[in-house]
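According to Swiss-Prot, the protein has these features:
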{"type": "BINDING", "residues": "Cys458", "note": "heme binding site"}
{"type": "CARBOHYD", "residues": "Asn175", "note": "N-linked glycosylation site"}
{"type": "CARBOHYD", "residues": "Asn200", "note": "N-linked glycosylation site"}
{"type": "TRANSMEM", "residues": "9-29", "note": "transmembrane segment"}
Amino acid sequence: MAASTTAQILVVSLGLLIFVLLCPWFGYLRLPSSMRWWPSIPSGPLSALRLSLKEYSGSRSSEDGYKAFSKKAELFAICNPSFYPQVLLPPEQIPWLLSQPENVLSHEKANEDVHALPFLAPAFDNYDHLELIRAIRTDLTRNIPNTEDAFLDELRHTTNEVLGAPGDNAWKEVNLTVALDSIIFGICLRLFFGVSLSRNRTFVYYVKIFTRVTGAMMLFVSQLVPWPLKPVVGIVAGFPIYYYWVRLIIYLYPTFKERIQCLRTKKETPPADMVTWMVDLAISQNPTRKVHISSLIVRLTLIVFLPVDVLIAMTDNFFLDLLSSDPDRKYYNALRQEAEAAFTNRDKTQPISQSMPYMESTIRESLRLSPLSDRMLSRRVVHKGGITLPDGQFLPRGTWLAVAAVGVHRDERTYEDPDEYRPFRFLSEDTETKEAKAMLVPVTSEKFLAFGHGRHSCPGRWFAAHAMKLIIGYILVNYDIEPLEKRPVNSVVGQTIIPQLDVKIRVRRRE
């Protein structure tokens, strides 16, 4: 009996394995025979499997395919580690892509593919969550001027600890990513929860561990696990996320409870922070219902913690680009002088970050060269009858679409010498005042996709741009940093582009 059961288990397991390994070929067969493929058309099940497995090694298929097809206004398909192919549209079809309604091409369904929450937390209501994200980040953007004093206070505190306090003028070697991690997390937690929690080492530890574990599991399940295995692997991968959710609920529950009481009684003015905005929104949506604190905390952790790592990576790329640029061009000094003037002439009626066009252009250039994903504008075909593209190509329901962002950003038809780092590329001159001006960092277009484009552009991009300008400007004004000999090459994991995490820099406090 035991032997028979074992044999049945082996047969079922073998059948499942064969099915999983055949999935790349099934994906190929779903698409029209006229579809172009990069780097080659799968010639059979083993060929499709090999092309999919190749993507695990950080292949730049989307960028190379862009050069071969998209520059000729042709779409193409590539295999993925998830064993489900993706169709990449040329830039000429971006306006059409953005014009399609949600019930035809779904951004939300594609978003589920990217963050894998339906697999990691099946009971999580993603649609209510997305509405909350938009509302909360609107509050965050609107309150940028009101939070600048707290921002600068925490910026001074964290940089003193990490890079050196006034009077400490000795050169020191620090890990760039670790330093930015401490500075940026400190600032964000100060704005989200206030000074007491932002400097509570145990709380900060749990926040960082939760962020890293959740981000890693999202990337792993969404981009590296074959799609038939996602439901099972996702549930297992979600266990550590639930554990840290419980730890964070224990820490944050008293703060949320106190804030609910404050807003309901209206006896005191609550702090202008993320907790207040979130509780206020929850109460305004359902004035007569009880606010479920644990649910709010779970949503908050996803809204504000995970994007902090994105901000760290963008700032990391900025410094890697700047420090590896030609010292003779004196980009560092030009940005320092601009930042010194902005901080010295601070006008409390508007953010400091509004008076730094050179910084604006330099950040935008780093985002152009190093977006954090090689594909943007993801959509999933959800219309039952499929969809016909502007060039007449038909795609069945379930097809995953995107645009090769790195290819768009490095297209010589749009950008002169696109592979060259030109930090002041986006500068121009005001025709009336003759002063320098720059395209704002958060402004998206069909040629600049670092934050996406259209109505689903990253809702936190205005705060991210403001934060980067203040943090970078303050560091440039107060610290000397030795140049890097060459720019460390970013890594590619699935569709995600990650800066090198082990780069050491030499830094000292200025007199």
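Glycine is treated like the rest: Cβ placed from N, Cα and C.
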**Request:** State the residues, same chain only, that lie 6 or more residues beyond the ends of the transmembrane segment (9-29) and have a CB under 8 A from a CB inside it; answer 'none' if no residue qualifies.
**Result:** 37, 42, 44-45, 48-49, 51-52, 79, 83-85, 226-229
**Request:** Could you measure between Asn200 (N-linked glycosylation site) and Asn175 (N-linked glycosylation site) for me? Cα positions, answer in whole angstrom.
**Result:** 22
**Message:** Please report the Cα separation of Cys458 (heme binding site) and Asn175 (N-linked glycosylation site) in Å, rounded to an integer.
**Reply:** 29
**Prompt:** Can you check what DSSP calls Asn175 (N-linked glycosylation site), collapsed to helix, strand or coil?
**Reply:** strand
**Complete:** Residues near Asn175 (N-linked glycosylation site) by Cβ (under 8 Å) yet at least 6 apart in sequence within the same chain, in sequence order, are Leu501, Asp502, Val503, Lys504
**Asked** Out of Asn200, Cys458, which of the recorded positions is least crowded by other Cβ atoms within 10 Å?
**Response** Asn200
